[in-house]
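Contents: one structure, followed by commentary.
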Amino acid sequence: MNSCDFRVFLQEFGTTVHLSLPGSVSEKERLLLKLLMQGMSVTEISQYRNRSAKTISHQKKQLFEKLGIQSDITFWRDIFFQYNPEIISATGSNSHRYINDNHYHHIVTPEAISLALENHEFKPWIQPVFCAQTGVLTGCEVLVRWEHPQTGIIPPDQFIPLAESSGLIVIMTRQLMKQTADILMPVKHLLPDNFHIGINVSAGCFLAAGFEKECLNLVNKLGNDKIKLVLELTERNPIPVTPEARAIFDSLHQHNITFALDDFGTGYATYRYLQAFPVDFIKIDKSFVQMASVDEISGHIVDNIVELARKPGLSIVAEGVETQEQADLMIGKGVHFLQGYLYSPPVPGNKFISEWVMKAGG
């Protein structure tokens, strides 16, 4: 019987579940299974997919019948017994330490973040980015993970908002940039030319004294003729559109430092950025990428984003690519770069070097 690979990241546990599903399971059904495994209810899925709860319930019933799942109560048991999933932690190990999201607020405080910064517990985890046409490694996005000595990996959505509101994000980003340079420095000769290194930047970081110097330090250490630093701007903590901010943009651009609009299409700020600042990349939000093959409206949104980016000559990255169908669709729509769990989750720096840089350079 034909089969298809299926991967889903369960953020609550910090693990990726890998299943081999029957080949008869469609792209739409795999998306539904992913949302169910991530804990979404029928009501939540109906809102997410812009479909009625009755329609989602019917699709869920058909999916359960196809996969031999008896009920919600036996959902996980039936999956584990029938499909023998491979469960891999983000570090690649088989040992896990779990913590319930409800308990994070007892751990994540400004004092705890400050102490963790002193102890260098925040580490860069790196996700590769590939050329859509050739499949060649062309860059990466650097993300931050809190490697807590007692509780294990704490996901960024649990500490980034507090780090931003407390101002500690400036020190965190500075550490992240330095660690990234240290990780890539020994293998910079193996990096392809114009290797893109994306780092998320909040308003606090962008406007902080010395930020431009930190960017130039990273670029100069790895080689301005070798790498291209891409500062990724988000909706969450937008940079104010002021003459002062524009002057910083222009100064960084003169040093060959580029800018990307992250999670594009999800809010007003990214469109305001596009109007006000000289950006170079648009990163299509994963919600549109993952829905484009099963939802006509999402597909049209992707088409509009691609057309919007094409006129000023911006490069386009599709984030959150999880299936080959999604990758093929994005390539067909004219996207330039692909990033997502189909290729690799974010991994620790040493694993990124061994799994991707050494292989690409060899």
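Backbone N, Cα and C atoms are what each Cβ position is placed from, and that goes for glycine too.
Binding of substrate is attributed by Swiss-Prot to GLN127, VAL144, ARG145, ASP262, LYS286, GLU319, GLY320, VAL321, GLU322, TYR341, and the same site annotation extends, among ASN194, ASN200, ASN217, to ASN200. Binding site for Mg(2+) per Swiss-Prot: ASN200, GLU232, ASP262, plus GLU141 from the candidate set GLU141, GLU147, GLU307, GLU325.
Rounded to a whole value, the Cα-Cα separation of GLN127 (substrate binding site) and ASN200 (Mg(2+) binding site) is 13 Å.
Cβ atoms within 8 Å of the centroid of the Cβ atoms of GLU141, ASN200, GLU232, ASP262 (the Mg(2+) site) belong to the same-chain residues LEU143, GLY198, ILE199, VAL201, VAL230, LEU233, THR234, ALA260, LYS283, site residues excluded. Taking the Cα atom of each, GLU232 (Mg(2+) binding site) and TYR341 (substrate binding site) are about 19 angstrom apart. Across the fold, the C-alpha of ASN200 (Mg(2+) binding site) and the C-alpha of ASP262 (substrate binding site) stand 8 Å from each other. Of all Cβ atoms in the protein chains displayed, 25 besides its own lie within 10 Å of the Cβ of ASP262 (substrate binding site).
Other Cβ atoms within 10 Å of the Cβ of GLU141 (Mg(2+) binding site) number 23 in total over all chains.
The number of other CB atoms found within 10 A of the CB of VAL321 (substrate binding site), across every protein chain shown, is 28.
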